[in-house]
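Trainee: Please read through the structure below; I'll follow up with questions.
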């Protein structure tokens, strides 16, 4: 089988090849007699249902499901918009309005409609009950609304002549209003290999969220996936057969009885059934010494791993590139897999970003030193609330394979969707959900009583967390109940056939949910693509046509080379005062042009502002005339006035512009300083800026009065300071003695 096939098709074909299982049901006498009693239509439906169960790709599965909908008359249900399950009139009205504005090229009204009307669950269109009446898809009006949304975004970014910064700002705010989607993978020991099939199906359908979280076995799969780029994922999935998940240590040279005695002895001595050294070695071979920050910088995926503290007084932690940027991923995975009684609890390790030295996380902190962690599924199998707080996540795709959870969720009415369900089955699910809720509340109350009586309070607290957690999401992917029969494989190293079998089950369980995920996340993913396109367009156009303008004419910054110079300034040097290595760029020494003067120092604002203003009327002192003065002497001077230089930050590098030791004419006197630079006259500053005329393309706001929205995603930022046309020429020279550029947030974004 060639690995040029789609990933899921290759894996499922390989599974049938190794298991000697036919891709279709074999004929039998009973089946032949049963088919004789069916009509031609019923026989065709039966054959298609059998083919659907044994499909080896989503395209094949979806095609068969669509044919079944046509044969059974369910396609007609999709074309009827009227339903009490959602607000179909709202969707109809908004679709018509967007189509009208798009065809009439009224892009400003269209953008206003997007900003004010787009939400994720508009008119309850994400109701799971809308996906129980057909084999695939749902109401046609929902598909029409999402297709029109994509057409609208395409027209805005390709056909409208709007300012790119302005359009980008509106779309970014709309995306924040809609929220993010996160994929959450549960624990489940070797049943966690089920997640591989889920990832393969979502990746092929281009529905992979950026935020991925994993606990225990889910942390293993999520971490391996998140340390590989999008281009590396296909080869990673097709080579899954070559992966050796040597998690549970067994000495193959000894008999099973001898291995059992060793495990019993270890459990009596240490309280654990297995040694975690094979787990550590396996994770090191898969992940290396990558940290959360390094993985995010490499792939752009936000990996989250949950760990539970071994102490009763600590809260569960969600590790990611924000909360634990320097923590080694393999140590977080091993800690998240440390199920009590199975693996010993382990500490976390981090890598020093400067020296690369590996040490225990929090070793310099007395509170965290010698702190150990265990299985993340114990306290927080699905960290939904923390993901919402940190990454604006409001839509969860959950994959649940915990052996004590998914059989109960199969009977829950919150995990339906993607499969046809009769009314009697729905009522049965509802009753089961109520009964489970009753027993769960009673169990929690009983555990609280035992804890108050101080009967093993640590154990009672952990057991209580098992019942208080949320194990499902907006879309929940569950394995078939037949997987319970493989319980004996839970604490064994997976064989190649078992791995392929779990992958096959995961892919097939995901296919019925694809249409739900497409509709729930359609606008979000379309906005992500549009925002990415606009950012690339802005970067390319800015680097070619519109370099960043500073407050002096013809003074520009070349971002790539960090070359900052003014051709009319005599002898400007670029010097780096940080650890990064940058080349020193010198402009040709020229004689100062008439009326032009070298860059002057910018003193910090103080109470002696008026005194400095009067001092400017006197000739400024000439710089040092010693040509042998080394560059290091400039970096060692304490104040900006003494150094006679301008320092500012670009990213992580601190750059310094210094004057060359050339004799230059003194500053001419001027009569009146512009009121714009008086820090105590903010009202007049706004008045002067309003009267200044047109706004350049570098401004965050545009001339449109409908959307005065900043174009910066992580906070507003007035970029008009970079436009020299906003200031008169007499104010240009005055700006050099003011704290005009001494704003820490100017280069922050």
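These residue numbers are counts, starting from 1, taken along the chain as shown.
Here the Cβ of each residue, glycine as well, is placed from N, Cα and C on the backbone.
A quick note: this is a predicted structure, and the numbers were derived from the prediction, not measured.
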Trainee: Which range is it, out of 199-203, 204-208, 209-213, 214-218, that shows up in Swiss-Prot as motif 'GXSXG'?
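Mentor: Spelled out, Swiss-Prot records motif 'GXSXG' over residues 214-218, not the other listed ranges.
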Trainee: For the region 'Disordered' entry in Swiss-Prot, name the matching range from 526-584, 585-643.
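Mentor: That would be 585-643, per the region 'Disordered' entry in Swiss-Prot.
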Trainee: So one of 66, 369, 388, 645 should carry the feature phosphoserine according to Swiss-Prot; which one?
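Mentor: 645, according to Swiss-Prot.
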Trainee: I'm validating the feature mapping. Which of 42-47, 48-53, 54-59 is tagged motif 'HXXXXD acyltransferase motif' in Swiss-Prot?
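Mentor: The listed stretch tagged motif 'HXXXXD acyltransferase motif' in Swiss-Prot is 54-59.
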Trainee: Of the glycosylation sites 289, 297, 304, 321, which one sits closest to residue 474 (N-linked glycosylation site) when you measure Cα to Cα?
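Mentor: In terms of Cα distance, residue 474 (N-linked glycosylation site) lies closest to 304.
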Trainee: Output the one of 216, 474 that, of all these recorded positions, has the highest number of other Cβ atoms within 10 Å of its Cβ.
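Mentor: That would be 216, with the highest Cβ count within 10 Å.
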Trainee: So what's near the motif 'HXXXXD acyltransferase motif' (54-59) in sequence-distant terms, Cβ-Cβ under 8 Å and 6+ beyond its ends?
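Mentor: Cβ under 8 Å, 6 or more out: 6, 8-9, 12-13, 16, 23-25, 201, 204-205, 507-508, 511, 514.
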Trainee: Cβ neighbours within 10 Å, counted over all protein chains: which one of the glycosylation sites 270, 289, 297, 304, 321 has the most?
Mentor: 304
Trainee: Write out how many residues of the motif 'GXSXG' (214-218) are helix, how many strand and how many coil, based on DSSP.
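Mentor: Helix, strand, coil within the motif 'GXSXG' (214-218): 2 helix, 1 strand, 2 coil.
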Trainee: Which of the recorded positions listed here (216, 270, 289, 297) have a Cα atom within 10 Å of the Cα of residue 304 (N-linked glycosylation site)?
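Mentor: Of 216, 270, 289, 297, within range: none.
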Trainee: Can you tell me the CA-to-CA distance separating residue 297 (N-linked glycosylation site) and residue 270 (N-linked glycosylation site), as a whole number of Å?
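Mentor: Taking the Cα atoms only, residue 297 (N-linked glycosylation site) lies 39 Å from residue 270 (N-linked glycosylation site).
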Trainee: Treating G and I as helix alongside H, and B as strand alongside E, what does DSSP give for the motif 'HXXXXD acyltransferase motif' (54-59) in helix, strand and coil?
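Mentor: In the motif 'HXXXXD acyltransferase motif' (54-59), the DSSP-based counts are 2 helix, 0 strand, 4 coil.
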Trainee: For the domain 'PNPLA' (183-388), what's the mean pLDDT in this predicted model?
Mentor: 86
